[in-house]
């Protein structure tokens, strides 16, 4: 049986993640958005491997992906400040798309989810999406956002058909739910919050149940 052990290090890291996301969502300045995302990243890296018991590979991959996205966003913010609007929006959007794991820069999500702990996987599919998705809905043109919404739903539905791993299947399922969350953001924040709360509760209960049974595949075997 796998249990979620609460340690002071995890509590501090969760607090840093929470503060980072709130800072990003509430900030009116681009620097504040970027700073909040970085705080969130540093807190989450500790959650991914707090005691050194898990493979460091997912942490390294996640750090590289998020750092690359942060660099793209920062370059885009600088370009916007220098009045290079088109190139600034393109770079900022590309960095945010990479960090949030949506089409077309989504391929890193299943491989990292597959090799992460239950807690890290659950947070990556839920809380870690909040700030990037909110910012993406603000800077991406509506036509581009609709393309992302439609393609993410199709990729998630088709990609999850041949999966046997619980975590990988959940990653593809999250692509579909991400498209609905983006759609909710185009309507109102209330719709997004309501959908996100229900989705997060579902993922949390599902992952908790799988962890209690140590079930990693969708077949009859429990490993």
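Backbone N, Cα and C atoms are what each Cβ position is placed from, and that goes for glycine too.
Range 144-161 is the one annotated as transmembrane segment, of 144-161, 162-179 (source: TrEMBL).
With pairs at least 6 apart in sequence, the transmembrane segment (62-81) and the transmembrane segment (144-161) have fewer than 3 Cβ pairs within the 8 Å limit; the two do not touch. For the transmembrane segment (62-81), the list of distant contacts is 30-31, 34, 37-38, 41, 44-45, 48, 87-99, 108, 112, 124: same-chain residues at least six beyond its ends, Cβ to Cβ under 8 Å.
Within the chain, the transmembrane segment (118-137) has long-range Cβ neighbours (under 8 A, six or more residues past its boundaries) at 2, 4, 17, 20-21, 24-25, 33, 36-37, 40, 44, 47-48, 58, 62, 93, 96-97, 99-102, 109, 112, 145, 167, 170-171, 174, 178, 181-182, 185-186, 192, 196, 199-200, 203-204, 207-208, 210-211.
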